[in-house]
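J.: Pasting a structure here, questions to come.
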Amino acid sequence: MGDVDNLSLPTKLPDNAVVCLMAPTASGKTSLAYELYETGRFEIISVDSALIYKDMNIGTAKPTQSELEQYPHHLVDIIDPTQSYSVANFVSDTQQLVEQIHQRGKTPLLVGGTLMYYMALFNGLSPIPDTDPNVRAQVEAQRQQQGIEALHDYLSKIDPPLAERLPIGDTQRITRAIEVYQQTGKPLSYWQQLPKQALSDNPQQYWLGLAVMPDRAWLHERIALRLEMMWADGFFDEVGQLLTNYSLDAQMPSMRCVGYRQVIDYLIATDHPLISRLKINGQSVDNKGLEVNEAHKSIACQDMKNKALYATRQLAKRQYTWLRNLVASHQPSDTLQTSGAQTEQKVVHSFDTIQDAKAYLFSRL
(Lines of atoms letter the chains of each structure in order from A and count residues from 1; the text may use other names and numbers.)
(Lines give C-alpha, C1' and ligand atoms only; values in the text may rest on other atoms or scores of the structure.)
Protein backbone atom coordinates (compact mmCIF):
# COMPACT_ATOMS: atom_id res chain seq x y z
CA MET A 1 0.00 0.00 0.00
CA GLY A 2 2.87 2.38 -0.66
CA ASP A 3 3.81 4.67 2.24
CA VAL A 4 0.42 4.33 3.88
CA ASP A 5 1.46 1.27 5.93
CA ASN A 6 4.24 3.30 7.55
CA LEU A 7 2.17 6.36 8.42
CA SER A 8 0.95 6.63 12.00
CA LEU A 9 -1.00 9.39 13.70
CA PRO A 10 -0.15 12.12 11.18
CA THR A 11 -0.40 15.70 12.36
CA LYS A 12 -3.25 17.90 11.24
CA LEU A 13 -2.79 19.68 7.93
CA PRO A 14 -1.43 23.17 8.69
CA ASP A 15 -3.00 26.35 7.39
CA ASN A 16 0.00 27.02 5.13
CA ALA A 17 -0.32 23.65 3.35
CA VAL A 18 -0.29 23.15 -0.42
CA VAL A 19 -1.68 19.72 -1.31
CA CYS A 20 -0.75 18.04 -4.59
CA LEU A 21 -2.83 15.05 -5.73
CA MET A 22 -0.68 13.39 -8.39
CA ALA A 23 -1.80 10.33 -10.33
CA PRO A 24 -1.86 8.89 -13.87
CA THR A 25 -4.62 9.64 -16.33
CA ALA A 26 -8.00 7.94 -15.70
CA SER A 27 -7.08 6.96 -12.13
CA GLY A 28 -9.98 8.67 -10.35
CA LYS A 29 -8.24 11.70 -8.86
CA THR A 30 -10.94 14.13 -10.02
CA SER A 31 -13.62 12.41 -7.92
CA LEU A 32 -11.43 12.69 -4.83
CA ALA A 33 -10.80 16.35 -5.60
CA TYR A 34 -14.56 16.94 -5.61
CA GLU A 35 -14.93 15.24 -2.21
CA LEU A 36 -12.16 17.39 -0.80
CA TYR A 37 -13.70 20.54 -2.24
CA GLU A 38 -16.98 19.72 -0.50
CA THR A 39 -15.23 19.89 2.89
CA GLY A 40 -15.09 23.65 2.37
CA ARG A 41 -11.36 23.82 2.98
CA PHE A 42 -9.91 23.57 -0.52
CA GLU A 43 -9.75 25.43 -3.83
CA ILE A 44 -8.84 23.34 -6.87
CA ILE A 45 -5.94 24.24 -9.18
CA SER A 46 -5.81 22.13 -12.34
CA VAL A 47 -2.40 20.66 -13.17
CA ASP A 48 -3.18 19.57 -16.72
CA SER A 49 -1.54 20.91 -19.86
CA ALA A 50 -4.59 19.98 -21.97
CA LEU A 51 -7.38 21.40 -19.79
CA ILE A 52 -5.97 24.89 -20.27
CA TYR A 53 -7.43 25.01 -23.80
CA LYS A 54 -10.89 26.36 -24.54
CA ASP A 55 -13.23 24.19 -26.64
CA MET A 56 -11.08 21.08 -26.13
CA ASN A 57 -13.48 19.24 -23.87
CA ILE A 58 -14.14 15.64 -24.89
CA GLY A 59 -10.62 14.61 -25.82
CA THR A 60 -9.18 16.06 -22.62
CA ALA A 61 -11.82 14.50 -20.34
CA LYS A 62 -12.50 18.01 -19.09
CA PRO A 63 -15.07 18.32 -16.29
CA THR A 64 -18.48 19.30 -17.64
CA GLN A 65 -19.70 22.88 -17.41
CA SER A 66 -22.05 21.95 -14.57
CA GLU A 67 -19.16 20.28 -12.72
CA LEU A 68 -16.97 23.34 -13.18
CA GLU A 69 -19.76 25.50 -11.79
CA GLN A 70 -20.19 23.21 -8.78
CA TYR A 71 -16.46 22.57 -8.31
CA PRO A 72 -14.59 25.62 -9.68
CA HIS A 73 -11.15 24.92 -11.14
CA HIS A 74 -8.35 27.41 -11.58
CA LEU A 75 -6.32 27.14 -14.83
CA VAL A 76 -9.04 25.51 -16.93
CA ASP A 77 -10.17 27.13 -20.21
CA ILE A 78 -7.61 29.92 -19.97
CA ILE A 79 -6.25 30.09 -23.56
CA ASP A 80 -7.29 29.34 -27.14
CA PRO A 81 -5.94 26.21 -28.89
CA THR A 82 -3.82 28.49 -31.09
CA GLN A 83 -1.84 29.76 -28.10
CA SER A 84 1.08 28.33 -26.14
CA TYR A 85 1.46 27.95 -22.39
CA SER A 86 4.86 27.09 -20.96
CA VAL A 87 5.87 25.33 -17.77
CA ALA A 88 7.16 28.69 -16.58
CA ASN A 89 3.72 30.22 -17.24
CA PHE A 90 2.17 27.48 -15.12
CA VAL A 91 4.59 27.99 -12.22
CA SER A 92 4.05 31.75 -12.29
CA ASP A 93 0.25 31.39 -12.34
CA THR A 94 0.35 28.77 -9.59
CA GLN A 95 2.52 30.97 -7.38
CA GLN A 96 -0.05 33.76 -7.57
CA LEU A 97 -2.97 31.39 -7.02
CA VAL A 98 -1.40 29.71 -3.99
CA GLU A 99 -0.83 33.09 -2.35
CA GLN A 100 -4.37 34.26 -3.14
CA ILE A 101 -5.98 31.04 -1.90
CA HIS A 102 -4.04 31.18 1.37
CA GLN A 103 -5.12 34.81 1.80
CA ARG A 104 -8.73 33.62 1.50
CA GLY A 105 -8.11 31.15 4.32
CA LYS A 106 -8.33 28.08 2.07
CA THR A 107 -5.87 25.34 1.10
CA PRO A 108 -4.69 25.03 -2.51
CA LEU A 109 -5.43 21.56 -3.92
CA LEU A 110 -3.41 20.89 -7.05
CA VAL A 111 -4.93 18.08 -9.10
CA GLY A 112 -3.85 16.67 -12.44
CA GLY A 113 -1.58 14.38 -14.39
CA THR A 114 0.91 16.71 -16.06
CA LEU A 115 3.91 15.49 -14.13
CA MET A 116 6.27 17.92 -15.84
CA TYR A 117 4.39 20.69 -14.05
CA TYR A 118 4.75 18.92 -10.70
CA MET A 119 8.46 18.33 -11.31
CA ALA A 120 8.85 22.06 -11.91
CA LEU A 121 7.02 22.86 -8.68
CA PHE A 122 9.01 20.40 -6.55
CA ASN A 123 12.41 20.38 -8.26
CA GLY A 124 12.44 23.86 -9.76
CA LEU A 125 13.04 25.56 -13.08
CA SER A 126 16.18 27.12 -14.45
CA PRO A 127 16.07 30.94 -14.16
CA ILE A 128 15.41 31.52 -17.86
CA PRO A 129 14.15 35.06 -18.59
CA ASP A 130 10.64 35.46 -19.98
CA THR A 131 10.58 36.05 -23.72
CA ASP A 132 10.00 39.60 -24.91
CA PRO A 133 6.86 39.66 -27.12
CA ASN A 134 8.76 41.55 -29.82
CA VAL A 135 11.46 38.87 -29.93
CA ARG A 136 8.81 36.17 -30.10
CA ALA A 137 7.13 37.92 -33.03
CA GLN A 138 10.46 38.21 -34.84
CA VAL A 139 11.25 34.51 -34.42
CA GLU A 140 7.75 33.54 -35.53
CA ALA A 141 8.20 35.66 -38.65
CA GLN A 142 11.49 33.86 -39.30
CA ARG A 143 9.76 30.50 -38.95
CA GLN A 144 7.01 31.43 -41.38
CA GLN A 145 9.44 32.83 -43.94
CA GLN A 146 12.25 30.27 -43.70
CA GLY A 147 10.57 27.16 -42.31
CA ILE A 148 11.35 25.13 -39.20
CA GLU A 149 14.24 23.24 -40.84
CA ALA A 150 16.14 26.50 -41.36
CA LEU A 151 15.53 27.44 -37.73
CA HIS A 152 16.79 24.03 -36.60
CA ASP A 153 19.95 24.57 -38.67
CA TYR A 154 20.39 27.96 -37.02
CA LEU A 155 19.92 26.39 -33.59
CA SER A 156 22.64 23.82 -34.36
CA LYS A 157 25.06 26.74 -34.79
CA ILE A 158 24.13 28.71 -31.67
CA ASP A 159 23.32 25.81 -29.32
CA PRO A 160 24.67 22.50 -30.71
CA PRO A 161 23.94 20.34 -27.60
CA LEU A 162 20.29 21.38 -27.55
CA ALA A 163 19.87 21.05 -31.32
CA GLU A 164 21.05 17.44 -31.10
CA ARG A 165 18.30 16.66 -28.58
CA LEU A 166 15.45 18.38 -30.43
CA PRO A 167 13.86 16.77 -33.50
CA ILE A 168 13.08 19.08 -36.40
CA GLY A 169 9.35 18.70 -35.77
CA ASP A 170 9.56 20.15 -32.25
CA THR A 171 8.56 23.63 -33.36
CA GLN A 172 7.70 24.94 -29.90
CA ARG A 173 11.04 24.11 -28.27
CA ILE A 174 13.13 25.13 -31.29
CA THR A 175 11.53 28.56 -31.49
CA ARG A 176 11.73 29.00 -27.71
CA ALA A 177 15.47 28.23 -27.76
CA ILE A 178 16.07 30.79 -30.50
CA GLU A 179 13.97 33.37 -28.65
CA VAL A 180 16.13 32.93 -25.54
CA TYR A 181 19.36 33.28 -27.52
CA GLN A 182 18.24 36.34 -29.44
CA GLN A 183 17.03 38.02 -26.26
CA THR A 184 19.90 37.17 -23.90
CA GLY A 185 22.85 36.42 -26.17
CA LYS A 186 23.31 33.11 -24.35
CA PRO A 187 22.10 29.66 -25.51
CA LEU A 188 19.25 27.97 -23.71
CA SER A 189 21.57 25.14 -22.62
CA TYR A 190 23.55 27.73 -20.62
CA TRP A 191 20.47 28.78 -18.68
CA GLN A 192 19.42 25.17 -18.12
CA GLN A 193 22.69 24.45 -16.30
CA LEU A 194 22.15 27.18 -13.70
CA PRO A 195 20.81 26.28 -10.22
CA LYS A 196 17.07 25.69 -10.25
CA GLN A 197 14.51 27.57 -8.21
CA ALA A 198 11.49 25.66 -6.88
CA LEU A 199 8.20 27.22 -5.81
CA SER A 200 7.87 24.51 -3.16
CA ASP A 201 11.08 25.71 -1.45
CA ASN A 202 9.12 28.58 0.10
CA PRO A 203 9.83 28.20 3.86
CA GLN A 204 6.48 29.81 4.66
CA GLN A 205 4.57 26.93 3.03
CA TYR A 206 4.17 23.19 3.64
CA TRP A 207 4.01 21.20 0.39
CA LEU A 208 2.39 17.77 0.64
CA GLY A 209 2.44 15.49 -2.38
CA LEU A 210 0.21 12.42 -2.67
CA ALA A 211 1.59 10.23 -5.47
CA VAL A 212 -0.89 7.53 -6.45
CA MET A 213 0.43 4.64 -8.57
CA PRO A 214 -2.41 2.14 -9.09
CA ASP A 215 -2.22 -1.36 -10.56
CA ARG A 216 -1.34 -1.02 -14.24
CA ALA A 217 -3.75 -3.65 -15.54
CA TRP A 218 -6.59 -1.91 -13.69
CA LEU A 219 -5.52 1.46 -15.10
CA HIS A 220 -5.28 0.11 -18.66
CA GLU A 221 -8.90 -1.04 -18.44
CA ARG A 222 -9.93 2.40 -17.21
CA ILE A 223 -8.05 4.07 -20.06
CA ALA A 224 -9.69 1.84 -22.67
CA LEU A 225 -13.14 2.57 -21.23
CA ARG A 226 -12.49 6.32 -21.14
CA LEU A 227 -11.43 6.35 -24.79
CA GLU A 228 -14.49 4.36 -25.84
CA MET A 229 -16.66 6.94 -24.10
CA MET A 230 -14.78 9.80 -25.78
CA TRP A 231 -15.36 8.40 -29.27
CA ALA A 232 -19.03 7.79 -28.43
CA ASP A 233 -19.41 11.33 -27.06
CA GLY A 234 -18.24 12.90 -30.33
CA PHE A 235 -14.51 13.38 -29.94
CA PHE A 236 -13.95 13.16 -33.71
CA ASP A 237 -16.54 15.88 -34.34
CA GLU A 238 -14.94 18.03 -31.66
CA VAL A 239 -11.67 18.06 -33.62
CA GLY A 240 -13.64 19.03 -36.73
CA GLN A 241 -15.17 21.96 -34.88
CA LEU A 242 -11.74 23.08 -33.68
CA LEU A 243 -10.41 23.09 -37.24
CA THR A 244 -13.48 25.03 -38.37
CA ASN A 245 -13.30 27.64 -35.63
CA TYR A 246 -9.54 28.15 -35.25
CA SER A 247 -6.54 28.52 -37.54
CA LEU A 248 -4.62 25.48 -36.33
CA ASP A 249 -1.25 23.98 -37.12
CA ALA A 250 -0.61 20.28 -36.54
CA GLN A 251 2.56 21.23 -34.63
CA MET A 252 0.79 23.48 -32.13
CA PRO A 253 0.96 22.12 -28.57
CA SER A 254 -2.83 21.79 -28.46
CA MET A 255 -2.87 19.55 -31.53
CA ARG A 256 0.01 17.47 -30.15
CA CYS A 257 -2.14 16.39 -27.21
CA VAL A 258 -2.80 12.66 -27.03
CA GLY A 259 -5.90 11.77 -29.03
CA TYR A 260 -6.01 15.01 -31.00
CA ARG A 261 -2.73 14.10 -32.69
CA GLN A 262 -4.14 10.74 -33.80
CA VAL A 263 -7.32 12.32 -35.22
CA ILE A 264 -5.21 14.81 -37.20
CA ASP A 265 -3.15 11.91 -38.60
CA TYR A 266 -6.38 10.15 -39.63
CA LEU A 267 -7.66 13.23 -41.44
CA ILE A 268 -4.43 13.47 -43.40
CA ALA A 269 -4.32 9.74 -44.18
CA THR A 270 -7.87 9.75 -45.56
CA ASP A 271 -7.56 13.07 -47.42
CA HIS A 272 -10.48 14.38 -45.38
CA PRO A 273 -11.94 17.73 -46.55
CA LEU A 274 -11.12 19.22 -43.14
CA ILE A 275 -7.38 19.10 -43.80
CA SER A 276 -7.75 22.10 -46.08
CA ARG A 277 -8.20 24.09 -42.86
CA LEU A 278 -5.02 22.66 -41.32
CA LYS A 279 -1.41 23.78 -41.51
CA ILE A 280 1.74 21.76 -40.87
CA ASN A 281 4.76 23.78 -39.75
CA GLY A 282 3.07 26.88 -41.13
CA GLN A 283 2.43 25.37 -44.55
CA SER A 284 -1.11 24.88 -45.85
CA VAL A 285 -2.29 21.33 -46.50
CA ASP A 286 -4.13 20.78 -49.76
CA ASN A 287 -6.53 17.97 -50.50
CA LYS A 288 -4.94 15.59 -52.98
CA GLY A 289 -8.23 14.53 -54.51
CA LEU A 290 -7.65 10.92 -53.52
CA GLU A 291 -10.50 8.47 -53.85
CA VAL A 292 -10.62 6.85 -50.44
CA ASN A 293 -13.13 4.03 -50.24
CA GLU A 294 -15.12 3.11 -47.16
CA ALA A 295 -12.98 0.05 -46.44
CA HIS A 296 -9.85 2.19 -46.30
CA LYS A 297 -11.60 4.74 -44.07
CA SER A 298 -12.72 1.97 -41.73
CA ILE A 299 -9.21 0.57 -41.44
CA ALA A 300 -7.75 4.04 -40.93
CA CYS A 301 -10.38 4.82 -38.29
CA GLN A 302 -9.58 1.69 -36.31
CA ASP A 303 -5.88 2.46 -36.64
CA MET A 304 -6.55 5.95 -35.26
CA LYS A 305 -8.35 4.49 -32.24
CA ASN A 306 -5.64 1.89 -31.64
CA LYS A 307 -2.91 4.51 -31.81
CA ALA A 308 -4.80 6.82 -29.44
CA LEU A 309 -5.15 3.96 -26.96
CA TYR A 310 -1.47 3.07 -27.26
CA ALA A 311 -0.41 6.71 -26.89
CA THR A 312 -2.54 7.10 -23.76
CA ARG A 313 -1.01 3.98 -22.22
CA GLN A 314 2.46 5.29 -23.07
CA LEU A 315 1.52 8.57 -21.40
CA ALA A 316 0.53 6.65 -18.27
CA LYS A 317 3.83 4.76 -18.38
CA ARG A 318 5.74 8.05 -18.41
CA GLN A 319 3.57 9.34 -15.58
CA TYR A 320 4.54 6.35 -13.42
CA THR A 321 8.21 7.10 -14.09
CA TRP A 322 7.83 10.76 -13.12
CA LEU A 323 5.88 9.81 -9.98
CA ARG A 324 8.56 7.34 -8.87
CA ASN A 325 11.20 10.03 -9.39
CA LEU A 326 9.23 12.53 -7.32
CA VAL A 327 8.75 10.04 -4.50
CA ALA A 328 12.44 9.08 -4.57
CA SER A 329 13.49 12.73 -4.38
CA HIS A 330 11.05 13.88 -1.72
CA GLN A 331 9.96 10.86 0.31
CA PRO A 332 9.62 11.42 4.05
CA SER A 333 12.44 10.56 6.42
CA ASP A 334 12.23 7.42 8.55
CA THR A 335 11.55 9.57 11.60
CA LEU A 336 8.62 11.29 9.92
CA GLN A 337 7.12 8.02 8.68
CA THR A 338 7.15 6.35 12.10
CA SER A 339 6.20 9.34 14.24
CA GLY A 340 3.77 11.08 11.92
CA ALA A 341 5.25 14.40 13.01
CA GLN A 342 5.49 17.18 10.48
CA THR A 343 9.21 17.92 10.47
CA GLU A 344 9.77 18.53 6.76
CA GLN A 345 8.56 21.46 4.70
CA LYS A 346 8.21 19.46 1.48
CA VAL A 347 7.32 15.77 1.23
CA VAL A 348 5.77 13.28 -1.23
CA HIS A 349 4.02 10.13 0.00
CA SER A 350 3.24 7.22 -2.31
CA PHE A 351 -0.03 5.27 -2.39
CA ASP A 352 -1.30 2.27 -4.34
CA THR A 353 -4.88 3.50 -4.69
CA ILE A 354 -6.87 6.71 -4.63
CA GLN A 355 -8.73 5.28 -1.64
CA ASP A 356 -5.49 5.00 0.34
CA ALA A 357 -4.58 8.60 -0.47
CA LYS A 358 -8.09 9.69 0.51
CA ALA A 359 -7.93 7.91 3.87
CA TYR A 360 -4.57 9.47 4.66
CA LEU A 361 -5.54 13.00 3.69
CA PHE A 362 -8.90 12.94 5.45
CA SER A 363 -7.11 11.75 8.60
CA ARG A 364 -5.22 15.05 8.54
CA LEU A 365 -8.23 17.34 8.17
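The backbone N, Cα and C atoms fix where each Cβ goes, glycine too.
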J.: Which of these ranges is annotated region 'Interaction with substrate tRNA' in Swiss-Prot: 40-45, 154-159, 256-261?
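T.: Based on what Swiss-Prot states, region 'Interaction with substrate tRNA' spans 256-261.
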J.: Can you identify, from 2-6, 92-96, 127-131, 172-176, the stretch that Swiss-Prot calls region 'Interaction with substrate tRNA'?
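T.: That would be 172-176, the stretch labelled region 'Interaction with substrate tRNA' in Swiss-Prot.
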J.: Could you tell me which of the ranges 48-51, 204-207, 248-251, 272-275 is annotated in Swiss-Prot as region 'Interaction with substrate tRNA'?
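T.: Of the candidate stretches, Swiss-Prot labels 48-51 as region 'Interaction with substrate tRNA'.
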J.: Over the span of the region 'Interaction with substrate tRNA' (48-51), how high is the average pLDDT in this prediction?
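T.: Mean pLDDT across the region 'Interaction with substrate tRNA' (48-51) comes out at 98.
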J.: Among the binding-site residues A23, A26, whose Cβ has the fewest other Cβ atoms within 10 Å?
T.: A26
J.: Inside 8 A of the center formed by the CB atoms of T25, A26, S27, G28, K29, T30, which other residues of the chain have their CB, for the recorded substrate site?
T.: A23, P24, S31, G113, R222, I354
J.: On a simple 10 Å Cβ count over all chains shown, which one of the binding-site residues P24, G28 is most densely packed?
T.: P24
J.: What number of additional C-beta atoms lies within 10 angstroms of the C-beta atom of T30 (ATP binding site)?
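T.: Cβ-Cβ neighbours of T30 (ATP binding site) within 10 Å number 22.
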